[in-house]
Amino acid sequence: MRIIKVRDYQDMSRKAANVISAQMILKPDSVLGLATGSTPLGLYEKLVEWYGKGDLDFAQVKTVNLDEYVGLSADNDQSYRYFMNKNLFSKVNIDPKNVNIPDGTNQDAEAECERYEKVIESLGGIDIQLLGIGNNGHIGFNEPAETFMMKTHRVDLTESTIEANKRFFEDVSMVPRQAYTMGIGTIMKAKKIVMVASGKTKAPIIKEAFTGEITPRVPASVLQLHQDFTLIADEEALSLM
Ligand code: F6R
């Protein structure tokens, strides 16, 4: 694993956007694995800015997002599809047919998870997967558990994740309790993985995940085993390393 230590959030966003741009320039039909959450917002802004300047072209790019809440449709402003449309897809020349996100409205979990795995397979796998990290070490919505769940699956969100996500909802009772997420195996099969992390609150989990033992109780720790994993984190997030 490679750790790129950056000054602050802005610096992290620019460097991570540079890594994704390099991928798109070298392979214009790249399959980008994308994440939501607060951390990637700055890097999506950079990608949009560089697209505006004519430096990036999304015409052939394909995307697969990590996860989606069960029960939320695309027009719900808390769905991850809505987030991606708002912050990236509506602002660049990506073909909507090339965008893939688990369908939160499909209540048939088995069918939806199988469909999503097949989509990723049919694209030839993920060239570069972007990740954030939850305060409990989750990646995608792979929550701490006794075993690693390998494939796309439906998951019950933990109280700590519901707590962390409630800031986006009017009331904690409106936070969905389940999500579809790529599995650990789905993520680990990506050719490259880039994680972004910023701020003091992430420091304890960054230390635990990347200097501690590899265990499903800290899902991100598995990334220590990936052959091309880069953590781009600011000084605060790395302050306990
Ligand atoms: C989002 C996702 C989550 C977030 C994580 C960190 O698609 O899969 O694992 O990356 O919860 O979220 P932020 O960036 O808001 O701290």
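Cβ from N, Cα, C; glycine included.
What TrEMBL lists as domain 'Glucosamine/galactosamine-6-phosphate isomerase' is 16-226.
Among the features that TrEMBL reports, active site, proton acceptor is placed at Asp67 (among others). Less than 8 angstroms from the CB of Asp67 (active site, proton acceptor) sit Thr36, Tyr80, Pro102, Gly140, Phe141, Ala179, Tyr180, Thr181, Met182, each of them six or more residues away in the same chain.
Marked as active site, for ring-opening step by TrEMBL: Asn136 (among others). In sequence order, Glu143, Pro144, Thr158, Ser160, Thr161, Ile205 make up the list of same-chain residues 6 or more apart from Asn136 (active site, for ring-opening step) whose Cβ falls under 8 Å from its Cβ.
For His138 (among others), the entry in TrEMBL reads active site, proton acceptor. Mapped onto three states, the DSSP output places His138 (active site, proton acceptor) in coil. Long-range C-beta contacts of His138 (active site, proton acceptor), restricted to its own chain and to partners at least six residues apart, with a cutoff below 8 Å, comprise Pro144, Thr158, Thr161, Pro219, Ala220.
Glu143 (active site, for ring-opening step) is surrounded by 22 other CB atoms, counting those within 10 A of its CB over all protein chains shown. The annotation active site, for ring-opening step is assigned in TrEMBL to Glu143 (among others).
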